[in-house]
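To keep things clear, I will list the structure first and then write my remarks on it.
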Amino acid sequence: MIDQSKIKEGVRLILEGIGEDTTREGLIETPDRIARMYTEIVGGMEEDAAEHLSKRFHVKNNEMVLEKDITFYSTCEHHMLPFFGKAHIAYVPNGSVVGLSKIARTVEVFAKRLQLQEQLTAQIADAFMDNLAPQGVMVMVEAEHMCMTMRGIKKPGSKTVTVVTRGIFKDNEKLQNTFYQMLR
Ligand SMILES: [Zn+2]
């Protein structure tokens, strides 16, 4: 459970730490606003991907399903700054599929917490393997990290790309190439 009073106290300390006057008009409600905001941006911690992936539909056709360009917003755990971009998920069913909207919901569950992009990519893939048991899954995440673009090396527009393969996508260059071609 999220302890809003601790967040408020922490934000007040940061404001004091940077030399701000916490009683001025623009800042007076800032700790409160940020505390409420955190319940949303890290709310995925209280969610279980299994909830979204448990509703399945049986299929006879086990051809690859790709959901691409799923926009997400996450928070880097090293700097607590946003990173955001698109996730692309392909899986080869093993007799059952999930509703398309549930694929995006699964991304949200893992994006809405303090994250590393590499870990986010793997968690999405593992959630599919664990809950839907497809023949295989491939996940690609492309994201811009504010900790790279507004501070540090300041390279606006640069993107980090991570890929995870599980099941039959592993070591299957032909399947992987199909995935990349479908992204174009
Ligand atoms: Zn960072």
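Heads up, the Cβ atoms here are built off N, Cα and C, so glycines get one too.
According to TrEMBL, the protein has these features:
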type: BINDING; residues: CYS76, HIS79, CYS147; note: Zn(2+) binding site
type: DOMAIN; residues: 7-183; note: domain 'GTP cyclohydrolase I'
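Apart from CYS76, HIS79, CYS147, the Zn(2+) site neighbourhood in this chain, defined by C-beta within 8 angstroms of the site C-beta centre, holds THR75, GLU77, HIS78, MET80, LEU81, PHE83, HIS145, MET146, MET148. Counting only residues at least six positions away in the same chain, the Cβ atoms of CYS76, HIS78, HIS79, LEU81, PHE83 sit under 8 Å from the Cβ of CYS147 (Zn(2+) binding site). Sorted by the number of other CB atoms within 10 A, the binding-site residues CYS76, HIS79 start with HIS79, the lowest.
Under DSSP, CYS147 (Zn(2+) binding site) is assigned to a helix (H, G or I) in the three-state scheme.
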